[in-house]
Amino acid sequence: MVAKLIIVGILCALTSLASHMGRAVFHDGVRPIMPEYVEGRMKRGEMASVAFGLSAGFVFSMGFAFTLASKLLNPWLLFLPTDILGVVAPRKWIAVVLGAAWGVGVTVAFDALNTVFGMLPINFLNSLSALSSPVLAGFALFPVLAIFYQFGKVKGIIALILELIVRQLAAMKYVTIHGTPITPEALEMFVGVILLVAFAIAKDVKANKDKTADAEEGESLFEVRTKRIVKSIPLMMVIGGLVSLIANLQWLSGSEVDFQALHTIYQTHNTSQLGTVAFADLIRGLAFIPLIVTTALASGVYGVVGLTLVYPIGFYLAPVIFGEGLMGHIAAFVMGALWLAIEMIVLRGIGKSLERFPSLREASDSIRNAMNNVLEYALLIGSALASLSMTHTPKDPQNFFAFGIFVALYGINEAIGRPVIRLAAAPLAAIITGVLVNIFYVAHLM
Amino acid sequence: MTIRIAIGGLKKEVTERVTKEVGGDKVSVIVTSDFEASKKIKAGEADYYFGACNSGGGAALSVPIGLLGYSNCATVAKAGGKPKQEEIEKLVSGGKIAFGMAVESIEAAVPMLLKSLFAKHNL
């Protein structure tokens, strides 16, 4: 516990410092505005209020809901606030102190909250594991949806049929890697993404033939502020190493894709799905690359977790290569740090290649779009299942009372204009349902 | 004249549908990526940018801010908030050209945006 507080505290202190110095922020929307502030066209107070306005909703919805549901810290909870704290602080040391205080504070608060929830007569935290059951299976089909969005019905249906065939071939163990079975979802996603990328590149190659490349505008735009990116590498290496380390220590979930699956894996110690989760995180990361790269090159401000690939490096790659335990922890830190440096060095190269393939950029939009939709459905159904299983003993029949409350809460959020964003609304509704069910139980109303 | 609107960001299909439904023949719509859209505006091939993302100011506007400048961009509907006609009116008449909104507010924000744009251009 002490080690956790120290490591998370240091990490948040550094991310807050990175934000204060205009080196890196987590929020993709804050990044392009940072130069206004760093270069003196915007006052600290205004910048802080912009950062707060863009981030607050995510901290309270995704940050809180995902951490409560998974008992794992997450980047929205840790780094969106340190974006803001770094800007608010008038001095470097104040940024460091505020960041550390936030890191230590939320870690203590959520551990305490989990302990309290764990003592309730109806332990709904166990029920919440039902959340994850549909997530990965549903998520694996997102490339199909992305293809429908971007390339229409014909290619979409082809992709759907191909993916399903490949999936079943893996599930029935006809397709293996040297005899080792492949997780059907992983192969399904892989095939889908390959198809999406192939369609995008084919479209661009055709378009590129028709016109000569005009990459000059982009280059001049990127030239101005890339120097700051290079200067940030040492600080960002330490941050990247620490993020990878806390993922390796099983304290962090990196994304909306992995939080429930990681929670279940860490609870059950059944790591067979870990590779699939890491792969899902990798694909999610790829879909964010165009956005992060372009904003970073245009603003000179990087992302505090880089291209987000340090998460799967920490929780999957490091333990797979170097084993669990101390060697794995050290490896996670070193690999995370080195990876972030590599990212930052090749950033310009990625930016330039992206310009020659605009359909790839569009594919990343389609992927994020499809991913969001799929996750909304999966989390909604998973949360509903979780509510249904919030019973006093496992032998009880399904709790339709809890299900009713859940539906009402989710519906209320929709009715009043969705103050909680949809992705987080379902898990949050399930958590509140859990608390309410306990109150009714204690009051002998159930 | 028609107002040329370039659409980028997430849920482009929703933004496109609402823009066409409300705008009718007063608008022409180009659906593309945030990057291409910003370049089109810079090159004078489009007049305005509509984009959506989860927060309303993140993925939707970050590239337009980088390419068109912060002073030309505005978030009209944040995640968890509702768009307001008066505020949008002010942003439009103040000369903003790139507008970001939360994906969950597209259907509310786009009609307001178009109303203000039509008023500005006397359409």
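Cβ coordinates come from backbone N, Cα and C, glycine included.
Because TrEMBL annotations are produced automatically, they should be read as predictions rather than curated entries.
Same-chain residues lying 6 or more positions outside the transmembrane segment (A:48-73) and placing a CB less than 8 Å from one of its CB atoms are 8, 25, 27, 29-30, 33, 42, 80-81, 83-84, 87-88, 106-107, 110, 113-114, 117, 125, 128, 131, 246, 250-253, 256, 259-260, 262-263, 266, 419-421, 423-425, 427-428, 430-431. According to TrEMBL, the feature transmembrane segment maps to A:48-73 (among others).
Summarising the annotation, TrEMBL assigns transmembrane segment to A:93-110 (among others). Nonlocal intrachain contacts for the transmembrane segment (A:93-110), taken as residues 6+ away from its ends with a CB within less than 8 angstroms of a stretch CB, comprise 4-5, 8-17, 19-20, 67-68, 71, 73, 77-78, 81-82, 85-86.
TrEMBL lists A:130-149 (among others) with the feature transmembrane segment.
Under the heading transmembrane segment, TrEMBL lists A:182-202 (among others). For the transmembrane segment (A:182-202), same-chain residues at least 6 beyond its ends with a Cβ under 8 Å from one of its own Cβ atoms are 136-137, 139-144, 146-147, 150-151, 155, 159, 162-164, 166-171, 175-176, 272-273, 275-276, 279-280, 283, 286, 357, 359-360, 362-363, 366-367.
Residues of the same chain lying 6 or more positions beyond the ends of the transmembrane segment (A:233-253) and with a Cβ under 8 Å from any Cβ of it are 4, 7-8, 10-11, 14-15, 17-18, 21, 23-24, 66, 70, 72-75, 259, 262-263, 266, 302, 304-306, 310-315, 318-319, 328-329, 332-341, 344-345. The annotation transmembrane segment is assigned in TrEMBL to A:233-253 (among others).
As annotated by TrEMBL, transmembrane segment applies to A:273-293 (among others).
Annotation comment: TrEMBL describes A:300-322 (among others) as transmembrane segment.
Here TrEMBL flags A:328-350 (among others) as transmembrane segment.
Residues 124, 127-135, 137-139, 141-146, 149, 256-257, 260, 284, 287, 398-400, 402-403, 405-407, 410, 422-423, 426-427, 429-430, 433-434 of the same chain lie 6 or more positions beyond the ends of the transmembrane segment (A:370-388) yet place their CB under 8 Å from a CB of it. Residues or ranges marked as transmembrane segment by TrEMBL: A:370-388 (among others).
Positions annotated as transmembrane segment by TrEMBL: A:400-416 (among others). Counting only same-chain residues 6+ beyond the ends of the transmembrane segment (A:400-416), those with a CB under 8 A from a CB of the stretch are 380, 383-384, 387-388, 390-391, 425-426, 429-430, 432-434, 436-437, 440, 446.
The transmembrane segment annotation in TrEMBL covers A:423-443 (among others). Here the transmembrane segment (A:423-443) has long-range neighbours at 61-62, 64-66, 68-69, 117, 120-122, 124-125, 127-128, 131, 256, 372, 375-376, 379-380, 382-384, 386-387, 390, 392, 399, 401-402, 405-406, 409-410, 413-414, meaning same-chain residues at least 6 beyond its ends whose C-beta is under 8 angstroms from one of its own.
Residues 28, 136, 139-140, 183, 185-186, 189-190, 193, 254-255, 257-258, 261-262, 264-265, 303, 306-309, 311-312, 315-317, 320, 347, 350-351, 354, 360-361, 364, 367-368, 371 of the same chain sit 6 or more residues outside the transmembrane segment (A:273-293) yet have a Cβ under 8 Å from a Cβ within it.
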